[in-house]
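For reference, the structure discussed in these notes is given below.
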């Protein structure tokens, strides 16, 4: 069959390969027309079909006693007990945010919210994981300003609190920022709304906003590297309306309660093409779509434009016959569009009509189920660049002493730095520093269920308030905790260890607030998998995620894969991002009265380190290291070394012990040791509680910078009331008796009323800093770099 278009040019435009075209022709038993080729282009993109990553994802654990819905639906669902379930998912909007930071981020929030309420859940919380280049670059300042404003605008207007997240900075993200949005929704019904169509002849109803030309080919755009040309591709960025989405949420939840909707699918990536093909394929049926009935906001739209538009705030339903009129009236009352646009077919195809003619007909499973898989060879050895970094040893660093470190003459800090100066420089690192400038723009109290606000604890906590209006806030004692984590520098240096650390830290953060970790949603942000290094990073990170999720009993319920996160520079060089597998994890708080924050609460409280203890010998513990640490990068300008091993058995033991200790009332505060190690964690607890601390480090032959700033897993700082000292020691002894050989506690010091942080060893002062100086560095690091008024930014 001859075609009326330039095949080679069309394939380039759609991001398809010649082999893909041959396969399409084989499946159709003919050549596709231009509309059909566009449908295949978006549906066979990595963004929609995971053609490079699907075999790797199959290794993830996806089942568990609390899992109600796993991968494959709009969102995962876990059973919370007491008749409540939680829907949750994370998605990326990276490439659109690089082009139009405000709209890219805003529509990312809108899209993840639709994934949640499409399941029949009411959205109760948002989180985000963001990555940018250094703030010394004005373009990066513009990106973070636009992204944060977009997230705040959409979330605040739609009435869903943004309760937590993380922000990190690295030069690898300068041309390709990462914007990952996570949402949680509460369900109080056994009726989960799924997306598979059923009921031959049942009407297909379109609801929400009109269809325009915005977001054309967004899925294909998201599956390619960013270039100078693509940065001018503004039509690939959608435009959102949070007020319309608010009405869509309420109308959809009303419709789902009626029982008249038998299947639902939001229109996200690939728009109508994806919605129709996924609903048809999952239901084992077909869908006929009449474009003349689709509400349009622009005249003269072609079938290609209708099918590939990614206009926001749109949904597709399969509805029980006879109920379509009442359902559409409900949406119209909310000021939304509603129209019958097709029907369910027995033949397993997506058939598209315009002006009474068939403009496209494609087998549904060819678009949404039986899609291509690109196989890549996994190299047996790490790339040479990484092998060289793994050879680095701590003894290559300059000599340290009680007063600090003797730097070489090439250091931009001068020849010497005291431990005080080093701690202040770490607190001034934007990745470590306070993110108050970011989260103060978010409404985190809307819905009045936020128990633990951003910056207060290691994870966000939201009250599980009944959605039916039964019971006051005071009567609700259960909550859900959520967190997003990824140590991207570790993943860059060792993808498997870094991914394990991401899962372990997420679970650790949940445990620090007293929550039982339940399940994971992941967002795999990686460069191109078509290079040996790129695929090695992706494959080993997936291996690490799988291993950690199995060990910590946190199944994966779904997520998102975002590849080709790299920028082609003006000289033609490719700049890939650091591989960033963001782990979103949710946990159950059985009693909100026991929620734990990171702030010191009372002078005199005892400070203990749980988990891997501080070294007392020169021998290097592989579980704690300066390799890949914030200290190494910030002070020495090095991103090198092999990150520490995570002892998953100890991780489970320590986290379980911590949760039990919080429940029993022993632990007043808890904070995990992460970026910057012990010294930074203690400083953060002091700043949060406006109280000082005196720590006496054990005598040790190990380097002092290792004792103060080394990083690793299974390390949690807790404070315990002095009145509980004897009982606490008894509990510790019982735990160690139950786990012979486990050493996971170390007394370090005491919380003080003095507004200073004092760290000593054998009576020698290492660190002595007033709280106001710690706080100033911590709070002003980001605003200062952005040139903001510091007096109004803290």
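Here the Cβ of each residue, glycine as well, is placed from N, Cα and C on the backbone.
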Further binder of ATP named by Swiss-Prot next to 50, 89, 559, taken from the candidates 19, 522, 591: 522
Residue from 66, 114, 333, 543 that Swiss-Prot also lists as binding substrate with 92, 93, 94, 95, 238, 310, 311, 312, 562: 114
Neighbours of residue 92 (substrate binding site) among the binding-site residues 50, 266, 559, 560 (Cα to Cα, within 10 Å): 559, 560
Proximal but sequence-remote residues of the same chain as residue 560 (Mg(2+) 1 binding site) (Cβ under 8 Å, at least 6 apart): 89, 90, 91, 92, 180, 522, 523, 524
Nearest-integer angstrom distance between the alpha carbons (Cα) of residue 93 (active site, proton acceptor) and residue 47 (active site): 11
From recorded positions 47, 50, 115, 266, 559, the one whose Cα lies nearest residue 94 (substrate binding site): 47
Residue 115 (Mg(2+) 2 binding site) - helix vs strand vs coil (DSSP): helix
Which same-chain residues, if any, lie at least 6 apart from residue 50 (ATP binding site) yet have Cβ under 8 Å of it: 57, 561
Other C-beta atoms that fall within 10 angstroms of the C-beta of residue 312 (substrate binding site): 29
Residues near residue 559 (ATP binding site) in space but at least six apart in sequence (CB under 8 A): 71, 89, 90, 520, 521, 522, 523, 524, 584
